[in-house]
Each structure stands twice: as structure tokens, then as C-alpha cells.
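Asks: Pasting in a structure now, in C-alpha cells, and then I'll have a few things to ask.
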């Protein structure tokens with residue numbers, strides 16, 4: 001791979017070792033594109049010259065030629081990513097806030113600057129990453145506008161523009177395409193403090209998440225063989241994974257002042273066969289007809305070979321049968337899919353790793369066994385447990401990675417512990433069985449219920465206090481009657497004179513209060529309300545009623 005390091009380009013092998021260093025007459029390089037036919041590296045960056053894109057020829061021995069100016073600098077945009085089509089000698093690039101995708105046709109024999117033109121002009125989109133599939137003649141790019149992020153494609157002429165991915169995107173950045181028969185589109189999606197690397201088929205189907213990691217800011221993406229590379233401007237490093245299933249591994253970093261901004265694959269392992277043997281098929285042409293994969297009978301019909309059908313045996317039973325790289329074989333004239341290690345189903349349509357690992361864990365399949373590689377702080381067969389749970393029970397803990405249940409060992413002898421015979425003689429606490437908060441809450445509720453019942457029994461057993469009623473016969477001639485009395489006599493029932501107020505007296509009123517200072521208290525007035533009454537003598541039995 002080639003990595004930009006300030007004003008240098010460093011060529012690395014798969015172990016992250018620098019095998020060659022190329023000097024640049026630039027302040028720093030920001031984007032790469034590679035022509036594998038002519039081994040030319042196209043570079044964009046900041047230069048004191050009035051040029052924004054250069055070409056540098058690289059030899060197989062790691063040597064290079066001086067930079068050749070290709071495209072003049074523009075004050076209206078800043079180049080984000082480059083892509084090159086070796087068939088038409090056309091260079092494409094995105095402008096980000098410039099909201100355009102530009103292109104320029106290059107002639108390797110020309111020395112003057114190429115004339116640029118606008119391929120796509122956008123209104124709201126912010127094109128960032130760009131890649132070309134030379135086989136299908138298709139251009140792919142990412143729109144990093146967080147208001148409506150998308151991944152789109154069109155023909156190299158700018159026609160047939162469609163959106164292939166638009167759901168569950170936040171800020172898609174770099175993009176690249178794998179080589180070979182099973183070509184996939186890979187992209188980086190920045191999601192705040194973490195990012196993901198995902199892939200899909202070139203039509204947007206078969207979407208799959210490859211990497212989820214945190215505290216990085218990838219700026220470019222490259223694929224070399226079965227290894228995936230990306231640059232991280234936070235740690236100023238290049239990271240890589242092998243076979244798209246392991247945890248990310250730090251591959252290369254620098255102590256220099258340059259920023260590792262761009263990375264591109266210059267790896268070529270496709271052997272070019274100039275013959276057409278792989279594209280020829282046997283055609284049986286008899287007077288009765290043509291059979292592409294079979295023989296012609298005497299009646300003129302086709303007798304197809306195993307695995308083919310149709311009038312002329314033109315249809316293969318294995319055509320588009322197996323997904324996700326599954327291999328189709330014919331057994332007893334019946335097609336069967338032999339799936340790769342991470343897929344299952346009759347057509348290899350089931351991803352065994354789909355939604356398997358939680359909390360950002362990475363799914364890996366080894367020898368037919370699916371396992372999750374958990375991030376720091378998580379554990380379990382699906383990364384479903386977090387080690388911070390132990391802190392709720394023990395102030396000092398050591399975590400035990402168990403797949404059945406989360407367990408922790410309390411280092412403090414005074415902490416709550418539980419003997420677990422299955423774990424040996426150590427003192428452990430199991431979160432699956434510890435329910436002391438539930439039992440404590442139940443005990444408190446039971447005590448409160450008992451207190452309420454006891455108080456209720458006491459209240460209902462209290463007897464009513466006796467009511468004392470005393471009756472008096474009052475002569476109207478002995479005292480002044482109240483204006484409210486209409487008869488000569490009035491009979492009142494006195495329960496407790498101390499509890500009476502002035503308005504409760506039915507027949508008599510207190511003496512008229514003269515203006516001025518009142519020296520008599522209200523309590524004394526109540527005591528004298530019934531003064532000067534004539535009480536008719538009677539026996540005790542007739543006066544006191546209970």
C-alpha cells in the first residue's frame with residue numbers, strides 16, 4: 001500500500017514495514033488514485049505551484065520519476081478524493097463543500113494541464129469518497145451531508161444516477177471496491193465517537209457490517225488482497241484487519257510531523273490471461289438444432305448435461321443460486337450450495353454473524369464455531385455483560401469472564417459473598433442469584449402491613465365516651481329572654497357549658513357590651529350566661545339523665 005506522510009509517500013508491505021519512500025514537492029498529500037496499467041500514482045495536495053493534482057510514475061523496484069502537473073488549482077473547491085479509470089484515461093474527483101464531481105481526460109503523452117469539466121452538480125449533497133468499478137463502468141460516491149446521507153452511483157458518463165444505500169447512515173466518508181469475481185463496495189461511516197466499516201453488493205443489497213470501533217477518525221480506505229486498511233488522523237496511524245473478521249490491528253504509525261491522510265492499494269494479484277479459453281464453450285451444431293451444453297437427439301431436441309436446462313440447454317441451474325460466495329455443485333441433477341464458513345441456508349442467504357455480537361463486539365467464525373471478540377469492558381458469549389456491574393456489589397473486585405453468567409470475586413472479606421461450588425473454593429458473588437434488594441423491600445412492606453393491622457384493631461375496639469345531658473326548666477319572668485325566644489318558657493339541654501359560645505345559647509344573650517375597654521374575658525362570659533335562672537327543684541332522678 002501507499003501512505004501519504006506529509007510531503008512523503010511511503011510504500012508498505014502487509015506487515016507494515018516501509019519498503020520505499022518517495023519524496024514529493026508538496027506541503028502534504030491529501031488523496032491518491034492509482035493506475036495499475038502504467039503504475040502511475042495520481043496525487044492531490046497543497047503545493048506552492050498553481051497545481052492541485054500531480055502524476056508520479058513508480059517503477060517496480062520502488063523508484064519514481066519527478067512529479068508531473070496534471071490539473072490546475074481551483075479557488076472554488078478543495079479536492080477530497082480521487083479515482084482513475086484506466087480504460088478511458090479519465091480522472092475523477094470530489095469537491096466536498098464545492099458540491100460537484102469533476103473529471104478530466106488525461107493523455108499520458110501530453111505535457112500541458114488537462115481541461116477539467118463538471119460531471120455532477122449537486123444542490124444539497126456533499127460528495128466525499130469516490131470509487132470506480134471498471135468492469136461495470138460504474139462510478140460510486142458517498143454523500144456526507146448528515147441531513148440526508150446517501151451512497152450513490154452512476155455511469156462514468158454521469159447518466160443513470162441512483163441511490164443504492166440511504167438507511168442507517170450518519171456520515172459516510174471514504175469508499176472503495178474490492179477486486180475479483182465477488183466485488184463489494186466498502187465504506188466508512190463516522191457516527192460521532194465511534195465509526196463503522198460496512199460493505200454491500202454493487203447494487204446495494206447484501207449489506208453487512210465489518211468493523212465497529214471507537215475513538216478514531218478514518219479519512220481513507222483501501223483493500224489489498226484480503227486485508228482492509230484505513231488511516232486514522234486521531235492516532236496518526238494506519239489500521240488493518242485480515243479477512244474482514246478479526247479485531248482491528250494497529251499496523252503502522254509515524255513519529256514525524258506529517259499527517260497520515262491518504263492510503264491506497266497498489267497490490268495486484270490478478271493474472272491476466274490473454275487467451276480466450278476461459279470464455280469458450282462447446283457448441284454442438286447438428287442439422288436438428290444447436291445445444292450449448294448437451295447433445296442433439298435424433299428427433300432434433302437437446303439432451304442437456306447435468307446442471308443445465310432450457311430448449312438449447314442454455315440455462316445453468318447454478319446461475320444466481322448461491323449468495324455470499326457460496327459454491328454451487330450438481331448432485332444427482334440437483335444444484336446444491338456449499339456455503340462459506342460464516343453463512344448458512346439452502347442458498348447461503350443466512351449470515352451467521354448477523355446480530356450475534358452485542359455492544360460493538362466483532363463476530364468471527366473459526367472451524368465452524370462462531371465467537372464474539374468483545375470490546376474492553378464487556379464479556380460473555382455475545383458480549384452481553386459489562387464488567388462494571390461488579391462495582392455495584394463489591395468495592396474491590398476482580399472480574400471473571402464466564403459465558404453462562406456474570407460473576408465477580410470480592411477482594412474485600414467484608415463484602416457480600418456467596419459460596420459457589422462450581423467455581424472451586426473461592427468466595428464469589430453471582431449476579432444471577434443475588435436478590436437481596438428484593439428480599440429487603442419485601443421485609444419492609446411486611447412490617448408496615450403488620451403495623452397498619454394492629455392500629456386498625458385498636459381503633460375499632462375503642463368504646464364511645466358516655467354523653468351526659470342535664471335538663472333545666474327556666475322561668476321566663478326571672479331573666480330577660482332573648483329576642484329569638486317566642487314562648488314563655490324555654491328548655492335547653494346543656495352538655496358542657498365550657499364548650500359553648502355566644503351563638504350556641506338558644507334563649508339568653510350576655511349583657512350588652514358598653515363601648516370601651518372590656519375587662520371581662522370570653523370564658524367568664526360563658527360561665528355567666530345562665531345567671532339569675534330559677535331552677536325548679538326536682539329529685540335527682542328527674543334532673544340527671546344519662
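Placement of Cβ uses the backbone N, Cα and C atoms for every residue, glycine included.
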Asks: For the annotation transmembrane segment in TrEMBL, which listed range does it cover: 436-460, 461-485, 486-510?
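Replies: Range annotated as transmembrane segment by TrEMBL: 436-460.
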Asks: Starting from residue 374 (disulfide bond), work out which of the disulfide-bonded residues listed here (304, 313, 353, 363) have their Cα within 10 Å, and give them in sequence order.
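Replies: So far as Cα distances go, the disulfide-bonded residues lying within 10 Å of residue 374 (disulfide bond) are 363.
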Asks: Same chain, outside the repeat 'LDL-receptor class B' (183-227) by at least 6, Cβ under 8 Å from its Cβ: which residues?
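Replies: Non-local partners: 1, 14, 31-32, 81, 129, 131, 133, 135-136, 138, 140, 142, 151, 153, 164-165, 169-177, 233-235, 239-245, 248, 261-265, 267, 269, 323-324, 351, 354, 360, 362, 375.
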Asks: Can you work out which residues elsewhere in the same chain, 6+ from the ends of the repeat 'LDL-receptor class B' (137-181), have a Cβ less than 8 Å from its Cβ atoms?
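Replies: Distant contacts of the repeat 'LDL-receptor class B' (137-181): 81, 83, 85, 87-88, 90, 92, 94, 96, 101, 119-120, 122, 124-131, 187-192, 199-200, 202-204, 207, 218-223, 230, 265, 270.
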Asks: Among 313, 353, 363, 374, 383, the disulfide-bonded residues in question, whose Cβ has the most other Cβ atoms within 10 Å in this structure?
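Replies: Max Cβ neighbours within 10 Å, all protein chains included: 374.
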Asks: Taking just the CA atoms, what is the gap between residue 353 (disulfide bond) and residue 383 (disulfide bond) in Å?
Replies: 13
Asks: Using DSSP, how many residues in the repeat 'LDL-receptor class B' (183-227) fall into helix, strand and coil?
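Replies: For that range the per-state counts are 0 helix, 28 strand, 17 coil.
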